[in-house]
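Quick look at what Swiss-Prot lists:
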- 133: active site, proton donor/acceptor (ACT_SITE)
- 161: active site, schiff-base intermediate with substrate (ACT_SITE)
- 45, 203: pyruvate binding site (BINDING)
- 44: site 'Part of a proton relay during catalysis' (SITE)
- 107: site 'Part of a proton relay during catalysis' (SITE)
């Protein structure tokens, strides 16, 4: 099973808006070198909402190619139409992903019954392991632990990314879903506590720019060493808030560009590049986290 420190990878782009595959390859190598445990390709942070399906699949496939079996790649397969999610899932099943991460259908606000039917239909279209993804701040639907529990019996649904920031859900999910069901935090600010309470891993935005420290924090928390985890986490806490001073992934792409990790900080409309009033805040947080800016 995939656990530990997982990066919600940005999708680097050229100034004309095309995907920058050279920078993508460098990012994959960077995370392998820094010890990241797995990569999520084309999730929310990877701008899945603005990549058409053919491009989405290509970016995931290239990420798998660059990884070359050295690090697991999880492909984002979320959509707010079940038929579209199934089509995407079938395509991703052919490119070598280790698992897929499917966000709850957004905007159309399905009921719990609809969520269960959606995920069962998507899971039935593939043998690849599926990870549920609950992020109500973006989707306008909250998949409660009781709904997640209805999907545990589906053999290839292996876990959930829980991004509400409500760490009390760890205990409830464990009670309802059992010890073999994988629980991933999707909230950097509460990730350490999530792991200490029994979570298995973190799918992180900040991990894009502080992978070595984030990996060390995750390892400490998974080992039950709360004091060490807190000491590693403390210098990073400013990042956890300032990386959301504007909509993700605007700030993290700007930061990655300032670090020289990507050639260009371009982001696709309707998102725009980081506003100047956030530059100082983010630079200050990066300095505190001991990030070198070029």
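Glycine too: its Cβ is placed from the backbone N, Cα and C atoms.
Residue environment of residue 203 (pyruvate binding site) contains 29 other Cβ atoms, counted within 10 Å of its Cβ in all protein chains.
Put simply, the residue listed as 'active site, proton donor/acceptor' is 13 Å from residue 45 (pyruvate binding site) when counted between their Cα atoms. Within 10 Å of the residue listed as 'active site, schiff-base intermediate with substrate', counting CA to CA, the recorded positions 44, 107, 133 contribute 133.
Taking the Cα atom of each, residue 203 (pyruvate binding site) and the residue listed as 'active site, proton donor/acceptor' are about 10 angstrom apart. The candidate set comprises the recorded positions 107, 133. Of these, 133 has the most other Cβ atoms within 10 Å.
In the three-state DSSP classification, the residue listed as 'active site, proton donor/acceptor' falls within a strand. Within the same chain, residues at least six positions away from residue 44 (site 'Part of a proton relay during catalysis') with a Cβ under 8 Å of its Cβ are 8, 76, 103, 135, 138, 248, 249.
When the Cα atoms are compared, residue 107 (site 'Part of a proton relay during catalysis') and residue 133 (active site, proton donor/acceptor) turn out to be 15 Å apart. Residue 203 (pyruvate binding site) falls within a strand when secondary structure is assigned with DSSP.
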